[in-house]
Each structure stands twice: as structure tokens, then as C-alpha cells.
Amino acid sequence: MLTQKTKDIVKATAPVLAQHGYAIIQHFYKRMFQAHPELKNIFNMAHQERGEQQQALARAVYAYAANIENPESLSAVLKDIAHKHASLGVRPEQYPIVGEHLLASIKEVLGDAATDEIISAWAQAYGNLADILAGMESELYERSEERAGGWAGWRRFIVREKNPESDVITSFVLEPADGGPVADFEPGQYTSVAVQVPKLGYQQIRQYSLSDSPNGRSYRISVKREDGGLGTPGYVSSLLHDEINVGDELKLAAPYGNFYIDVSATTPIVLISGGVGLTPMVSMLKKALQTPPRKVVFVHGARNSAVHAMRDRLKEASRTYPDFKLFIFYDEPLPTDIEGRDYDFAGLVDVEKVKDSILLDDADYYICGPVPFMRMQHDKLLGLGITEARIHYEVFGPDLFAE
């Protein structure tokens, strides 16, 4: 339990840390990786190079400090972090390592301004946060291991199918190498895939949505190729596209994530996606259309038909289920793409153009796609009168969505 004095010191110094936050976090990662290079196996090094992980951690530290009197207000954020950590295999013994280098970085960047009293207060605050997260993650590991077909840590899977979905998205159907069943998951959850990157000399982990409904035998992930070279974003996705084939092995974590629909509800849902953001939506859609039927509206944006994954199966579903409406936006339609046949609207996704179809009583709204896309859709939904509590979103990688 933190004393009031500790809370007061943390709150009073939070603005100073926010001002120097990026420099502190940059210093922290450099310091920690020099002392513990094995942690590069957990962290996304592409996000490191772009500075996104540094920004996200700096923002998280400040948010925790600013809300230290009312940590319950961060419960949803902490839950998301715990799910992400569980998917990465973060262990309790790694928290002291992070704490040691974070506190040392605060001292080394701020110098004499970071007094012993300030460092002590932040050490207590960090310890409290670490205990909360480690406890949440322990529960997630136990739950994953105890359920039928579940496991904790990494499990070897065999690629049984590799199917191109578009020019840039490929689906992989994966079955356990041990021949056992796989755990069910909530529609919208993700798994982590761990691959060894020989040229880097360490493992890299990426999260991919499970893009099919649970079947107890296999998982399907749909991966967008993010073109890039060594050490840049997209290296892992390119490796999966180019080097992983049927019969090869991949290591998977159990399903995690808080972005999913309530399968017991019958109220309407509106799915809004951009690009590869449709992958969790497809899983949600398949489950929602099962008995009892519920109203579903799917609004999707892509550049054109060449990169529009799973187009035919979505169109088929819209013809089959009377309670399902599909709206497609192409912002760069090909000459062969015909409005009214291949897509409904030219341009970027604009929910105002379909507001008569998406403004439904008691509906929940799910957004997935690039961060700027999600921010735009989120703000437009608020402008249409949708409450914040009804809007849900998924961010893979550092969460740069919330300001």
C-alpha cells in the first residue's frame, strides 16, 4: 500500500517526468538492452527503431502517475497491458529488471533534480504497478493452462494451409504439433507468433488476430505483408510470407486480448475496419451470425479489390443473412472495380455516409485498423452521438491511440 506522501511526490513530479519522458525512456531501453540483450527476444525491435515503444511507455508511466490516487480508472488499460504481456510470455522476475533500469534512467537523465526521496517514491510506485500486473498475468496464465486445449508459454504448431487472401494478405491454418486440441477463444482475440530471425540473432514476436471462429482443432491467422528490410517494420511479416510454408513449424502463445464481442448478447454490433483490421472482425462476424441471429453492420475500407482480403466470403455472407449489412469503401479503386458491384463508396471510410444503417439502438461499435483510421472513426462516432462506452478498438503494438 502506497503512503499518501509517496503518492503526493509521484503526482508532483509526474509533469517533470512527462517533460523529459521520451529522453528517459530512450535512455532506459538502451541501458536495459546493453545489460540484458536477451530481452530483445520479447520486445518489438521495429517499434524500437521508430520510437513508438518509447512514446507508449512514457505515456503509460505518466498516466499511472497522474491517476495514482484512483488506479481503478486505469483498470481497462492495465487489463489490456496484462493480456499483451501474457501473450509475450512476460514473467514476474522480469519486472525488477525493468524497474532497476527505469529508475536508474530517471536519475541519470534528471541528475540532481531526481533526489533520493523522489527515486524512492517512484520505486515504490513502480513496485506497486508491477505487483498489480504480475498478479493479473498470473491469473491469465493459469486460466489459459487450465481450460480444455489450453497451455501457458509457447506451443509448437504445424502450418497445414497457406492461402493467399489478396495481393498483400495471406492466411495460415495452424494445428498443434502434439496432435492435441486447441482452446476456444473469444471472437476478436489474438495469438502471438514467435519466429527466430537469423540475421538479427534473436527471436521476434508479433500478434495476429485469429481470423476464424473456434473449432477446437486449429487456428487461422491472416498476415499482411508490411514491406521492409532488416531491422525495419515488416521484417517478420515478410518472413512469414516468403519463408514459412506448409509443413513448417511456428511457436504460438494461447489466445489473449480484450477486444471481442459478447457472444451471449443479442444487441446489434457495428464492425468498422481498415485494411488488415478486418481479421478480428471476420471472427466476430462468424460468431455473431450464428444462432440466435443478431443485427450486424460491417463497414470496411481498402485501397481496391487487389488488396481487399476475404471479399468473396463477406459478400456471400451479406447475401445469405438478412440481418447482415456490408458496406465497402475503396479509396483507390482499380479501373476494373465497379461501384455498386465491387464496392459501395469511393474514398476513405466515412461513417456519416452510412449513418442511417449504423445508428442502431443499444449497438456496440468495434474499430480495428491503422491508428489514424481508428482515431478518425472514433471521433466521427462520438460526433454522431455514440457514447464512449459503446466504442471498442484494438491496437497491435504500442498504443498511440489515446492522447
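The backbone N, Cα and C atoms fix where each Cβ goes, glycine too.
Residues or ranges marked as active site, charge relay system by Swiss-Prot on the basis of sequence analysis: TYR95, GLU137. The feature heme b binding site is assigned by Swiss-Prot to HIS85. Summarising the annotation, Swiss-Prot assigns FAD binding site to TYR190, ARG206, GLN207, TYR208, SER209, VAL395, PHE396, GLY397, PRO398. If you look up Swiss-Prot, you'll see GLY275, VAL276, GLY277, LEU278, THR279, PRO280 marked as NADP(+) binding site, on the strength of sequence analysis. For 1-138, the entry in Swiss-Prot reads domain 'Globin'. Annotated region 'Reductase' per Swiss-Prot: 149-403, in sequence order. Marked as site 'Involved in heme-bound ligand stabilization and O-O bond activation' by Swiss-Prot on the basis of sequence analysis: TYR29. The feature site 'Influences the redox potential of the prosthetic heme and FAD groups' is assigned by Swiss-Prot to LYS84, GLU394, with sequence analysis given as support.
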DSSP helix/strand/coil residue counts for the domain 'Globin' (1-138): 118 helix, 0 strand, 20 coil
Other CB atoms within 10 A, centred on VAL276 (NADP(+) binding site): 27
Distance from VAL276 (NADP(+) binding site) back to GLN207 (FAD binding site), taken between C-alpha atoms, in Å: 13
Cβ within 8 Å of the mean position of the Cβ atoms of GLY275, VAL276, GLY277, LEU278, THR279, PRO280: remaining residues of the chain near NADP(+): SER209, SER222, LYS224, SER273, GLY274, MET281, ALA309, CYS368, GLY369
Pairwise Cα distance for TYR95 (active site, charge relay system)/GLY275 (NADP(+) binding site) [Å, integer]: 35
Those binding-site residues, out of HIS85, GLY277, THR279, PRO280, that come within 10 angstroms of GLU394 (site 'Influences the redox potential of the prosthetic heme and FAD groups') at the Cα: GLY277, PRO280
Candidate recorded positions TYR29, GLU137, TYR190, SER209, pick with smallest Cα gap to GLY275 (NADP(+) binding site): SER209
CB within-chain contacts under 8 A for GLU137 (active site, charge relay system), separation at least 6: ALA82, HIS85, ALA86, VAL90, PRO92
Neighbours of THR279 (NADP(+) binding site) among the recorded positions TYR29, LYS84, SER209 (Cα to Cα, within 10 Å): SER209
TYR29 (site 'Involved in heme-bound ligand stabilization and O-O bond activation') and VAL276 (NADP(+) binding site), Cα-Cα, nearest whole angstrom: 30
Entry from the binding-site residues list GLY275, GLY277, PRO280 having the most other CB atoms no farther than 10 A: PRO280
TYR29, TYR95, TYR190 as recorded positions, winner by CB count within 10 A: TYR190
Model confidence over the domain 'Globin' (1-138) (mean pLDDT, whole number): 88
